[in-house]
C-alpha cells in the first residue's frame with residue numbers, strides 16, 4: 001500500500017522546526033565554563049589569531065606581485081573592511097555572552113538550520129586553518145635547519161605521489177598540534193598564560209623590526225626610478241586588499257570566548273577594537289619598513305623580512321625574525337585550538353551535535369573531549385594531507401559567517417527587545433517581586449507606551465509619507481527589505497566582480513543592470529532605516545545600522561564571488577555532509593524540541609488602559625495557581 005504524502009500542516013510544522021530560534025538569553029551569566037579571562041586576555045587572544053605567519057609571508061607576496069609599496073594602503077583598506085565585520089561580532093559578543101560566536105548569533109536571529117550550517121562551516125575553517133598553520137610552522141622551523149627534518153623523513157619514510165596527500169608525512173606539524181592540544185586542555189588560564197608569553201615575544205619582535213627597519217629606511221625605494229609608490233595603480237591596491245583582508249581573520253576568537261570573560265559586555269567590544277587596531281598597525285608599519293629597506297621588486301616573497309635584513313648586512317636579525325615568526329604561528333595555533341572545541345561545545349549543548357562534546361571537565365572547566373578529539377583530528381590532517389589546495393576553503397566559510405552575522409545584526413535591531421532581567425539578586429519593586437515568574441508575558445499598552453513605536457514598526461514621522469508600509473505587521477516589512485537587500489547585493493556583487501566581459505551582456509544592458517541593482521540596494525536600506533530600532537544603553541551597539549552591516553554583507557559577497565569554482569564545489573559537498581548530520585541527528589536531538597512540549601501554546605495578553613493590572617495577573621497565572629479556569633483572552 002502506497003505511503004501517504006505529508007499534508008500541508010505537517011510540512012508547515014517541519015519548516016517551523018528548521019527556522020525555530022534559540023531564546024535570546026542576554027542577561028544570564030551562569031555557565032559551566034570558568035569566567036576567568038580579562039580584557040587583556042581577550043585582546044591578546046585576538047592579536048594572536050590575527051598576527052601570524054601572514055605578517056612574515058603575506059606582506060612580501062602582496063608587495064611584490066600586487067601593490068608594490070602601496071601594500072600599506074591595501075592593509076589599511078582591508079582593516080577598515082574588517083572593522084565592519086568586527087563591529088557586528090562586538091555587539092553580539094557583548095549582548096549575548098555565550099560561547100558559539102557566529103553559530104550562536106545566527107541561531108538567535110536567523111534560525112536553527114542556518115545556525116547549524118554556519119557552525120558546520122566554522123568547524124571546517126578551524127580544522128583546516130590550524131592544520132595549515134602547523135604545516136607552515138613545521139616548514140619554517142625546517143628551513144632554519146637547512147631542511148634536514150624533511151630530508152630525514154623522506155629518506156626513512158619515503159615520498160608520496162598520491163593526490164590530496166602531502167609529499168611526505170609531517171610528523172613535526174602533527175606533534176606540535178598534539179602538544180598544543182594537551183596544554184589547551186589544562187584550562188583557560190593555562191591557554192591564556194601561554195598565549196601571553198608567545199604574544200609578548202611576537203610583539204617585541206615586531207617592534208624590533210619596525211624600529212630597525214625605519215633606521216635602515218631609504219626613501220629612494222619609493223621613487224619613480226624604482227617604479228613609484230603604486231606601480232600597479234588603483235587596481236593593484238584593490239587586488240592587494242582582497243588578499244590582505246584574510247590577514248585580519250581571527251578576531252572572532254574574542255566573541256567565541258565571551259562565555260569565559262569576566263565582564264563580557266565591556267571586555268568583548270574593547271578587546272576586539274584594541275586587537276584589530278594593534279594588528280592593523282603591525283601590518284601597515286611592517287609593510288612600510290619592508291618596502292623602504294629594499295626595492296619592492298627585489299623582495300623574496302617566502303621570507304621577505306629575513307631576506308631584507310640579510311641584504312642590508314644584518315643577517316643576525318634574521319634569527320630574531322624567525323623566532324618571532326614561530327611565536328606568532330604558535331599564537332595562531334592556540335587561537336584555533338581554543339575556539340574550535342568551544343564552537344562544538346555550543347552546538348552539542350544545544351543538541352545539534354553529539355552530546356559527548358558537551359562534557360566539561362569538572363576541574364579545568366573546559367570542553368576537554370572536544371579539545372582532544374578535534375585536536376587529534378587536526379593533527380591527522382596536518383600529518384597526511386596536502387593543505388595548499390584546501391587553504392582557499394578557509395575563505396568561503398569565514399566570509400559566509402561574516403555575512404550571516406551582519407544580517408543577524410539587522411534582524412536583531414528590529415526585533416522587540418526582551419524585558420531586562422538581572423543575573424543576580426536585585427531590588428525590584430513590590431509588584432515585580434510578587435509576579436516575577438510571569439512578568440515576561442505581560443504587555444501593558446498605556447497612553448505613554450502607545451506613543452512610542454516598537455522596534456520593527458514604521459517611524460511615526462514617516463507614516464504620512466510611507467503609509468503603504470503601515471499596514472504591515474511589525475517586522476514583516478523589515479524581513480522583506482532584508483531579503484531584497486541580500487539579493488540585490490548578490491546581483492551588484494556579480495556586476496562589480498565579473499564585469500561586462502565575463503557576463504557577455506551588451507554595454508547598455510550591463511549599465512542598466514548595475515544601476516538597477518544599486519538602486520534596489522539603496523532602496524532596501526532606506527526602507528530598513530524608516531523603521532524603529534532598538535536603542536540600548538546597557539550594552540555596546542554599532543553605529544549607523546543598517547548601513548554598516550549592509551556594507552559588510554556587500555563586501556563579503558564580493559570577496560566570495562572572487563573565489564574559484566572548485567572552492568564552491570568543495571563547499572557544496574561539505575554542506576551536503578552537514579545537512580546529512582543535521583537531518584540525521586541534530587533536528588531530532590535539538591534542545592528546542594524539549595523547550596516547547598506538544599500541545600503547549602504561548603498566548604500573549606494585552607491589557608488596555610481600561611483593564612486592571614490585577615485582572616492581567618490572574619489571567620497569566622499557571623493553571624495550578626489560577627482560581628478557576630477561564631476562556632483565554634485573545635489579542
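Keep in mind that glycine also has a Cβ here, set from the backbone N, Cα and C atoms.
Per TrEMBL, the listed range annotated as transmembrane segment is 197-217 (candidates: 197-217, 344-364, 428-448). Residues 510-530 are the range that TrEMBL records as transmembrane segment, among 510-530, 594-614, 615-635. Cross-referencing 70-90, 133-153 with TrEMBL places the feature transmembrane segment at 70-90.
Most Cβ pairs within less than 8 Å of the transmembrane segment (391-412), among stretches 102-123, 197-217, 229-255, 366-385, 510-530, belong to 102-123. Away from its own ends, the transmembrane segment (568-588) comes close to residues 17-18, 112-113, 116-117, 120-121, 124, 347, 351-354, 390, 393, 396-397 of its chain (Cβ-Cβ under 8 Å, at least six residues beyond either end). The transmembrane segment (70-90) makes contact with the transmembrane segment (229-255): 3 or more of their CB pairs lie within 8 A, with pairs spaced 6 or more apart in sequence. Broken down by DSSP into helix, strand and coil, the domain 'Cationic amino acid transporter C-terminal' (540-590) contains 40 helix, 0 strand, 11 coil.
Tertiary proximity for the transmembrane segment (542-562) is limited to same-chain residues at least six positions away from its ends with a CB under 8 Å from its CB atoms, namely 81, 84-85, 87-88, 90-91, 242, 245, 395-396, 399-400, 402-403, 406-407, 409-410, 413, 485-486, 489-490, 492-494, 496-498, 521, 524-525, 528-529, 533. With pairs at least 6 apart in sequence, the transmembrane segment (366-385) and the transmembrane segment (197-217) have fewer than 3 Cβ pairs within the 8 Å limit; the two do not touch.
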